[in-house]
Amino acid sequence: MNKICLKYLLLPWIKNIPKKYISNLKMDSRTLTPGDLFIAVPGIKKDGRHFIVQAINKKAAAILCETKKKDKHGIFKYIKNVILIYFFKLSENVSLLANRFYKEPGKRLKIIGITGTNGKTTVTQLINQWSTILGTKTATMGTLGNGFYNSLQPTNNTTSSPIFIQLFLSKVLEKQAELVTMEVSSHGLIQHRVKEVPFYIAIFTNLTQDHLDYHENLEKYESAKWLLFSTHKVKKIILNADDQYGKIWLKKLLNFYTVAVTIQNRKQKKYSTKWINATNIEQNNNSIYITFESSWGTGRISSCLIGRFNVTNLLLSLACLLELGYSLSDLIHTSEKIIPVQGRMELFSYVKKPTFIIDYAHTPDALKKTLNAIHSHYQRYIWCIFGCGGERDQKKRPIMGAIAEKMSDKVIITNDNPRNEKEKKIIQDILNGCKNKEKILIIPDRKKAISYAYFGAKYHHIILIAGKGHEEKQIIQNRSINYSDKKIVLNLLGKNI
């Protein structure tokens with residue numbers, strides 16, 4: 001990459017900086033190379049300002065250091081020939097700096113931002129998949145990875161760092177991407193990671209209890225999600241208007257371009273610019289058929305995705321693609337080509353073997369909707385295997401225990417990612433929500449729990465494995481070990497095929 005002048009980069013904020021050229025922007029001192037600009041800001045776990053000495057020793061070209069004092073903004077000094085510049089509210093401006101450094105890549109792309117408690121990954125991947133089928137070069141950023149369809153690179157965060165986001169947009173633009181779908185987490189919004197991303201469309205899936213370990217309460221969590229629609233650059237907004245928050249937000253956004261997405265609920269369309277409403281849903285074992293009416297016309301799409309929540313996910317994706325200018329006829333005719341998203345209601349069904357369903361459901365609402373979907377499609381004996389993550393929202397644990405007990409025939413409580421929390425404490429928290437202990441088994445080892453269910457189930461039974469979905473690691477204490485629900489399931493089924 002060509003070097004950029006630090007004086008030019010900082011011009012919108014600081015005027016008197018000496019001419020100096022930098023190669024890259026870095027927030028992690030471990031990845032620094034000579035000539036980089038080190039951006040030292042406080043984080044949740046570590047403070048980048050504590051690593052300034054390492055940055056100097058690694059021959060950073062310059063250092064930007066966050067200061068809480070407004071009068072220190074723009075002051076600079078030299079330490080071992082490295083310029084250190086104080087920057088007021090630097091954390092809030094990293095996205096803007098990165099956007100300027102990478103020459104505003106978002107302006108030459110159509111970027112779709114998807115937020116919500118559940119469904120972000122599915123909608124992100126559906127739009128990616130559907131648009132790719134129709135010939136568009138679409139890149140994606142999110143939980144399943146970053147990149148183009150079928151070539152995603154693993155990622156640690158749902159929403160990446162503000163620097164990486166702009167770098168990614170720059171790289172996919174070089175590879176002739178036209179469209180980018182991006183999961184936008186509440187953490188990413190509060191931490192200003194997408195502040196300078198020009199979203200063409202923002203989509204809201206739903207809002208239910210999650211991340212209360214971080215946000216403290218549902219009101220603060222709602223406020224975080226609302227930031228995407230209230231303070232960010234968005235041209236069009238698509239809302240799940242069946243969701244209680246979606247309904248409220250639709251009325252708050254009367255002066256904006258909105259699309260209301262509903263199931264058998266025409267009342268919300270009077271508050272929106274455009275709308276789409278499912279009028280009839282037909283379900284069988286492995287398929288769903290959705291008849292709809294909309295501002296673009298009427299039609300019927302078919303899909304192998306199951307569950308009422310996936311009707312909403314499909315309609316949100318359909319509305320987005322219609323707003324992007326795709327033809328309704330083309331979308332209807334290609335809907336049946338869409339395949340399930342990895343780790344989201346992912347089905348493994350073989351003759352005379354129990355049917356496995358792997359799903360990422362890790363919130364009370366998601367678990368309830370997943371079990372509802374299984375009931376409506378299969379009407380069979382259901383095993384539910386799940387746990388809850390350690391060092392995360394503890395309030396949801398008994399609620400999820402109650403849901404699993406009520407909606408399943410047999411429940412196995414196991415480990416999810418216990419992290420540094422005691423597994424017995426997590427399991428007991430879940431058990432506190434359960435009344436009928438006779439239908440519940442405790443098998444902390446997740447692999448053993450899945451094996452027990454497989455060998456104990458009859459061929460017509462359904463075994464739901466909830467919570468980890470696509471994940472290929474399990475975090476126990478400070479160790480991240482190789483682990484995959486899917487690999488265990490395929491191994492079990494393969495032994496007897």
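Just so it is clear, glycine is given a Cβ too, placed from its N, Cα and C backbone atoms.
Swiss-Prot tags one of the stretches 392-395, 416-419, 484-487 as motif 'Meso-diaminopimelate recognition motif', and that stretch is 416-419. Remark: Gly467 (meso-2,6-diaminopimelate binding site) has Tyr360, Ala361, His362, Phe386, Gly387, Cys388, Gly389, Asp416 as non-local neighbours, by Cβ distance under 8 Å and separation of at least 6 in sequence.
Between the CA atoms of Lys225 (N6-carboxylysine) and Gly116 (ATP binding site) there is a gap of 7 Å. Neighbours of the ATP site: apart from Gly116, Thr117, Asn118, Gly119, Lys120, Thr121, Thr122, residues of the same chain with C-beta atoms within 8 angstroms of the site's C-beta centroid are Ile114, Val123, Thr205, Asn206, Asn313.
Ranked by Cα separation from Glu471 (meso-2,6-diaminopimelate binding site), the binding-site residues Thr117, Asn118, Thr121 are led by Thr121. The record gives Arg392, Asp416, Asn417, Pro418, Arg419, Gly467, Glu471 for meso-2,6-diaminopimelate. Within 8 Å of the mean position of their Cβ atoms, the other Cβ atoms in that chain belong to His362, Gly387, Cys388, Gly389, Gly390, Asn415, Lys468, Gln474, Ile475. Secondary structure from DSSP puts Thr122 (ATP binding site) in a helix. Per DSSP, the secondary structure of the motif 'Meso-diaminopimelate recognition motif' (416-419) breaks down as 0 helix, 1 strand, 3 coil. When the alpha carbons of Asn118 (ATP binding site) and Arg419 (meso-2,6-diaminopimelate binding site) are compared, the span between them is 22 angstrom.
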